[in-house]
Structures are given as structure tokens and as C-alpha cells.
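Asks: Before anything else, here's the structure in question.
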Amino acid sequence: MSTKRVITKEDIHLKARLLSEGAKVTVNKPPASGFNPFRAMVLNGSDLATLVRQEPYTRLEVQVNGDDVEFYDCGQHLASGRMQEAFSWRSGKLSNGRPVDAAVIGMNQDIINIHYSYSCDNNNTGRSCRFCFFFADQHIGVGKELAKMPFSKIEELAKEQAEAVKIATDAGWRGTLVIIGGLVDPSRRAQVADLVELVMAPLREQVSPEVLNELHITANLYPPDDFKEMEKWKASGLNSTEFDLEVTHPDYFKAICPGKSATYPLEYWLEAQEASVKIFGPGRGTTSFILMGLEPMNIMLEGVEERMSKGVYPNMLVYQPVPGADMFRMPPPNADWLVEASEKVADLYIKYQDRFDMPLAKDHRPGYTRMGRSQYIILAGDMLAYKLQEQGYELPEAYPVC
């Protein structure tokens with residue numbers, strides 16, 4: 001990682017192109033830890049992390065030479081980079097002999113998912129979010145069986161997850177723990193607080209209170225029927241919620257997230273976020289993923305601004321077509337659209353930063369709101385970092401390395 005990061009507009013535009021167009025990837029020599037197409041690549045100098053979706057019909061090319069990568073446009077060299085640093089502790093073993101990697105399903109550089117469920121009822125009933133791939137390759141019969149996994153088995157897996165987090169944090173990792181699992185089976189919807197406690201208890205036992213207090217621990221759950229239930233989540237050790245809207249307009253919400261919409265209308269999700277602001281606080285305490293590219297820019301920006309005005313911190317993922325998802329054939333927006341939208345979102349972050357719990361440039365806490373953070377499918381955060389850099393702030397590390 002660079003000793004001093006400098007982000008340029010060219011870096012941002014190249015990342016936008018990679019997220020929009022993908023690239024033809026040639027692995028001349030595999031990285032030391034092996035080549036994984038979902039592992040981020042990093043632009044040297046700016047340390048912007050980006051997903052590089054493999055696409056055969058694009059001008060962009062990436063040459064992988066061990067841990068070094070080179071980016072080209074029809075043979076013209078654009079930039080140099082590297083594979084995102086691998087965590088050595090992920091290749092270790094748990095106390096029961098199982099690989100650490102097996103316990104941290106879906107982890108990326110600064111997020112560890114803590115599963116309280118291994119199946120989404122929307123997938124099991126044909127109502128998945130149309131872009132979602134988490135359970136897309138899970139047979140419905142298997143999903144329905146996993147949806148009723150005994151609590152004793154969930155607890156056993158939770159202990160493995162907690163041990164993996166202990167190994168990670170002992171190695172210096174700091175980031176976001178995401179309590180995740182989609183929509184639980186109808187028979188368990190009154191037991192969500194119990195499931196949260198089931199996975200949080202081993203974390204409290206294995207990880208010191210001092211370290212847990214440093215981490216961003218968020219509930220990527222569906223809103224509860226009674227908003228007061230969030231107080232129970234907080235008592236279990238969560239310090240944030242993440243009620244992901246995905247889109248901001250009711251019509252798009254119904255069309256793209258049929259299961260979410262059938263469970264609760266968009267208005268209820270908005271009310272849940274506002275209740276979270278009161279319980280967990282604004283900014284880092286109340287976040288939401290929104291996908292750039294699923295609705296017109298003006299509609300998205302209006303919705304994002306309204307949420308920020310209420311203290312909600314939107315994390316703007318760039319929509320990516322993923323095999324298995326219903327919307328797989330829909331491409332992302334072009335790079336210029338992404339750059340323009342990201343710049344406007346960054347301006348909104350700055351405009352509404354007094355509604356969050358900490359000034360943007362002073363937020364060095366692990367988590368979604370950390371100043372200078374570069375996440376591999378988020379461009380608006382990079383644009384915000386660029387604007388803060390232009391205001392004279394020195395950028396910290398883009399992501400954890402340990």
C-alpha cells in the first residue's frame with residue numbers, strides 16, 4: 001500500500017470503466033495465493049480497490065503477473081496495480097481443524113459476514129431481489145431445509161465464526177461485522193432477536209470488549225414488526241443497522257425487490273431507518289446499501305438526499321451483473337454516468353455531514369463511514385475521498401492490511 005495516497009480523476013474514471021465495462025483478464029502468472037476472479041485489484045498510487053468483472057467483449061484488458069497487474073485499453077497502457085493484499089490468517093485453521101476461510105463466508109477486505117441464517121425465504125418462494133446472487137444457486141429444496149436449521153447447529157457455526165473473528169482481530173484486522181442471513185423462515189420471524197443473540201454471544205465470549213467496541217457491528221436484517229426490538233439487538237452488542245433499500249423509489253422497489261416489498265412496503269423500511277437513528281444514532285449507526293444503476297439518476301439522487309437529511313448514511317454500491325441473478329443480462333451504467341452520479345452523491349455527503357454522527361474528514365473508525373475507505377464496488381466513497389483530499393486532508397489507508 002502506498003505511503004501517501006493521491007487520488008486523481010483519472011483513477012476514478014478508470015475504476016468507473018472497470019466497474020461498467022469489465023475487462024478481458026489474462027493470468028500470465030498466478031498470484032502467490034492463487035487467482036480468484038472476485039478478489040479486488042488495486043490501482044497503485046491511489047490505492048483504489050476495484051472489482052474487475054471478466055468480460056470478453058470490452059476494450060479493457062488486464063494482465064496479471066503474479067501479484068502485479070497492468071491495465072490496458074486496446075493495447076495502450078493505462079495504469080499499474082496489484083492484487084489486493086491477502087490476509088495470511090485466512091489460510092489458518094480453527095481449533096477444530098476446519099479452515100478459517102470456511103467460517104468467514106463472503107468476506108472481503110473490511111467486512112466479515114456473521115450468519116444467523118443460511119437461507120433467504122424470498123429465494124425459497126421465488127421473490128428474490130432481481131439483482132441478488134447470494135442464494136441464486138441454492139436449490140429451493142435445499143434452501144427450505146437450511147431455513148429450518150436447528151438452533152444448535154446455528155450456535156455451533158456461530159462459535160466458529162466468533163473464533164475466526166478472534167483470529168482476525170488478534171492479527172490486527174478492524175472493519176465491519178455484518179449480521180446477515182436474508183429473510184428468515186416465517187416460523188422464525190418472531191425469534192430474530194434470539195437469533196441475533198445466538199450469534200453475538202460467542203463473539204462477546206471470544207473477543208474482548210475493547211476490540212468489539214472498535215468494530216462496526218451492523219444488523220443487515222429485515223426491519224422488525226416492533227421497532228423497539230432494535231433495543232434488544234443493541235443489548236446483544238450491535239452498534240448499527242443496515243436496512244438495505246437497494247433503490248429509493250416505491251415503484252422500483254416493488255419491481256426489483258418483490259420479496260422485500262411484499263414483506264413491508266418501502267415506507268415501512270424508511271420508518272425503520274428513522275427509528276434506528278433514534279436508537280443507534282445517525283451516520284455510522286444507521287446505514288443502507290443503495291445500488292447505483294437500477295433507477296434513473298435524478299430519482300436516485302432525490303432519494304439519497306432525503307435519506308441523508310434524516311441522518312441515514314447510504315452506501316452506494318455500483319450494480320454488477322452476476323450469473324444466477326434474474327437481472328444478469330442487464331449491464332451497469334457507463335463510466336461517465338457513474339462518475340457524474342458519484343460526484344453528486346459525494347457533494348450530498350458533504351452537504352449533509354452535520355446530520356451524521358461525526359465530520360466526514362475526522363471519521364477514522366473502522367466501518368462503512370471511515371474516511372478514505374475504498375471498497376471494490378463503491379465509487380462514490382472514492383469520489384468523496386478525492387474531494388476531501390482536494391480540501392487539504394491527507395488520506396489514510398484505503399482498507400485493512402494484516
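Placement of Cβ uses the backbone N, Cα and C atoms for every residue, glycine included.
Quantities reported herein were computed from a predicted structural model and do not represent experimental measurements.
Feature list, courtesy of Swiss-Prot:
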{"type": "DOMAIN", "residues": "104-359", "note": "domain 'Radical SAM core'"}
{"type": "BINDING", "residues": "Cys120, Cys129, Cys132", "note": "[4Fe-4S] cluster binding site"}
Asks: For Cys132 ([4Fe-4S] cluster binding site), which residues in the same chain are close in space, meaning a Cβ under 8 Å from its Cβ, but six or more apart along the sequence?
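Replies: Result: Asn123, Ala325.
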Asks: Using DSSP and collapsing to three states, where does Cys120 ([4Fe-4S] cluster binding site) fall: helix, strand or coil?
Replies: coil
Asks: Averaged over the domain 'Radical SAM core' (104-359), what pLDDT does the predicted model reach?
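Replies: Result for the domain 'Radical SAM core' (104-359): average pLDDT 95.
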Asks: Tell me the Cβ neighbour count for Cys120 ([4Fe-4S] cluster binding site), meaning other Cβ atoms within 10 Å of its Cβ, over all protein chains shown.
Replies: 26
Asks: Quick one: give me the count of other CB atoms within 10 A of the CB of Cys129 ([4Fe-4S] cluster binding site).
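Replies: That number is 26.
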Asks: Please report the DSSP secondary structure of Cys132 ([4Fe-4S] cluster binding site), reduced to three states.
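Replies: DSSP assigns Cys132 ([4Fe-4S] cluster binding site) to coil.
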